[in-house]
């Protein structure tokens, strides 16, 4: 294969990798955790990734403890966990 062909192939593979959404193998493990309001009762609207529905959903976070599957915005949740 010529060097031009190899460069084209490399470019196409790089583009494909960049455009491929987050897959479950690349998703952080904490994205699989259930929503956890924690023991406090302040009541912050937050988002968590639901692996069964494959999307980010809103829940009420109590303000302390909980787990890492807890995002301030839906966009942050989607960019971290959504496929």
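Glycine is no exception: its Cβ is also placed from the backbone N, Cα and C atoms.
What Swiss-Prot lists as disulfide bond is 31-81, 40-64, 56-77. Annotation source Swiss-Prot lists domain 'BPTI/Kunitz inhibitor' at 31-81. Per Swiss-Prot, signal peptide is recorded for 1-24, and the stated evidence type is sequence analysis.
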Nearest of the disulfide-bonded residues (31, 40, 64) to residue 77 (disulfide bond), judged by Cα-Cα distance: 31
Helix, strand and coil totals (DSSP H, G, I; E, B; other) for the domain 'BPTI/Kunitz inhibitor' (31-81): 10 helix, 15 strand, 26 coil
Disulfide-bonded residues listed as 31, 77, least Cβ neighbours within 10 Å: 31
Residue 40 (disulfide bond) versus residue 81 (disulfide bond) - Cα distance in angstrom: 25
Length of the line joining the Cα atoms of residue 40 (disulfide bond) and residue 56 (disulfide bond), in Å: 22
Rounded distance in angstrom between the Cα atoms of residue 31 (disulfide bond) and residue 56 (disulfide bond): 10
Which same-chain residues, if any, lie at least 6 apart from residue 64 (disulfide bond) yet have Cβ under 8 Å of it: 38, 39, 40, 42
Per-region confidence, the domain 'BPTI/Kunitz inhibitor' (31-81) (mean pLDDT, whole number): 97
